Amino acid sequence: MTHTTVAPDDKRDVRRANKVAASDRSKAENRLGMRLVAPAIFLMLLVTAFPMLRALYLSVFNYSLTAPDDREFVGLSNYWTALTDSLFWETTLNTVFIMVVTVAVELVIGFAFAMVMHRVIFARGIIRTSILIPYGIITVVSGFAWQFAFSNNNGFVNEWLPFVEDGFNWFGQYGSAMAAIMVSEIWKTTPFMSLLLLAGLAQVSEDMLEAAKVDGATWWQRLWKVILPNMRSAIMVAVLFRALDAYRIFDNIYVMTAGAQGTESISFLTYRQVIEQFQLGIGSALSVLLFLSVLLIAFLIVKIFRVDLAAARQEG
Amino acid sequence: MSTKNKIGIVIGAALILVWCLLPVAWIISLSFKSQEAITNGSPGFFPSEGGGAGWQNYRDVLADDQFLRSILNSIGISLIATFLSVVIATLAAYAIARLEFTGKKLVLTLALVIAMFPVVSLVGPLFDMWRTLGIYDTWPGLIIPYMSFTLPLAIWTLSAFFREIPWEMEQAAQVDGATSWQAFRKVIVPLAAPGVFTAAILTFFFAWNDFVFGISLTSTEQARPIPAALSFFVGSDPFNRPASLLAAGAVVSTIPIIVIVLLFQRKIVAGLTSGAVKG
């Protein structure tokens, strides 16, 4: 009798003890985890969140570093000034234009590169090493390389392109200057795109491709029905990263045209307001607008690809 | 594979090589031309007859104190920023991969949001704050902002790597009689080291490449890194730069990157794709 009554108690105690120990352990684990990530969180907040909040604060002042004592609260008028200024919309449009064209071109070329790299059996190391070179090179240096390449007195572009007259000044007008900027951007970042797409390609099952082939699907059908749908997440990541990166475009423009011929980007406008003209109030308002538009773009891209994903599921 | 396909792939591979190397070859060629040949207008890929300058451009660039100083700044600032980022990110990534704790998702989300951050929007407030704090135009004045893009990158790359480490091996070693420190040092550290190293390389690339902070938060050669120094190499007229000297400077500043790429190609590809795709 005693034996049977005591034993469950014992068991319960053991269980309780285990439970206490487990929750102690998980508490300790929780504490350790938080302690280990604390420096990272602290630093990330310090270098981005804090300055961003400060920008938010400064953006409601009329504040110029050339006359710091005249700082004056002006509410949302800096935003109003920016949003009603044609320059703001011109630079935003430029930036969107650059983003859309470069990402679209890079997606096509990057995918072609990824297909080649996926199938290539010889010289893999050489190709992979070379493709990292544009990725690793300083953007400013690639800007210079292309600026000199398009230059009308020492470049090779005019000489090599049969349909361009010698002495044509690429940086003399809007259209061709933008084209030159986009070429340098595309050259530098296509490798990154193609490496991400290559990783996506590796996840497409060979069996499925083989099955489609046996069923008589043409190369084109296999591409659209098997390869691309299976790479959707890799494509989304690549497009998202590149689009946001392209929207911040600054280095190339600074080096190649310095904003001449109306080639300024929104980052460039912000930089000029703050660093060259010391207009911290309006510059901060531009910073906030720039940040908001990046969030909007990220949201839109995620949204667009999700819609696609749902549609694909319904099809299947 | 049919012969047609094979030919296609060979042509494709050749195109990739041309795409990647042409501008590099061009800037190297430019760096061996004389400035006279360039300003007199001798377009063309290779230095023309008599227009070659030999190593003179390189000698001039390397004799330039400001240029050397900016290389030194870039090496120092990038290395310190990389070291700090990777140490802090390793702690965070270990916790993310190994431990259960509240706020785990928050760290990854925060890192992702910050990775998308338009760097220029930080420039204004930092410019103002750094001047007040007196670290404008100093090494720390650049190292700290560099954390804004190096930390998220390092955290994502490292947590993707660490997730693949078989952590049970640590316990197995402990069962075999190792202390937990020994188990960690002898089992986990060797497994984690390649990931940490890869994260460090990528972080270094990012820091070395920075331009926005470089031109905004420095005013003298005291802290100005190489990309900013190259852009200031001549006055403000962007249409009349000493192309040959700049090309030599560009080549010199690219050498560290090329060396790293040549040595660690495999690791870099793995790091780039694991952080982005598996993450």
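In case you wondered, yes, glycine gets a Cβ from its N, Cα and C as well.
According to TrEMBL, the domain 'ABC transmembrane type-1' annotation covers B:71-264.
What TrEMBL records for B:7-28 (among others) is transmembrane segment.
Within its own chain, the transmembrane segment (B:71-94) is flanked in space by residues 107, 139, 142-143, 146-147, 150-151, 153-155, 158-159, 161-162, 192, 196, 199-200, 203-204, 207-208, 221-227, 252-253, 256, which lie at least six positions past its ends and keep a Cβ under 8 Å from the stretch. Per TrEMBL, the feature transmembrane segment maps to B:71-94 (among others).
Long-range neighbours of the transmembrane segment (B:106-127) within the same chain, counting only residues 6 or more positions beyond its ends whose Cβ lies under 8 Å from a Cβ of the stretch, are 92, 96, 136, 145, 148-149, 151-153, 155-156, 159, 210, 212-213, 216-217. What TrEMBL records for B:106-127 (among others) is transmembrane segment.
Annotated transmembrane segment per TrEMBL: B:139-162 (among others), in sequence order. Using a Cβ-Cβ cut-off under 8 Å and counting only residues 6 or more beyond its ends in the same chain, the transmembrane segment (B:139-162) has close neighbours at 73, 76-78, 80-82, 84-86, 88-90, 92-94, 96-98, 107-108, 110-112, 114-115, 117, 119, 122, 126, 130, 192, 194-196, 198-200, 202-203, 206-207, 210, 213-214, 217-218, 223, 225, 271, 274-276, 278-279.
Residues or ranges marked as transmembrane segment in TrEMBL: B:187-208 (among others).
The feature transmembrane segment is assigned by TrEMBL to B:243-264 (among others). Distant neighbours of the transmembrane segment (B:243-264): 24, 27-28, 30-35, 38, 53, 57-58, 60-62, 67, 71, 74-75, 197-198, 201, 204-205, 208, 226-227, 230, 233-234; these residues of the same chain sit at least 6 beyond its ends, with a Cβ under 8 Å from one of its Cβ atoms.
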Query = Restricting to the same chain and to residues at least six past its boundaries, which positions have a Cβ under 8 Å from a Cβ of the transmembrane segment (B:7-28)?
reply = 45, 247, 250-251, 254
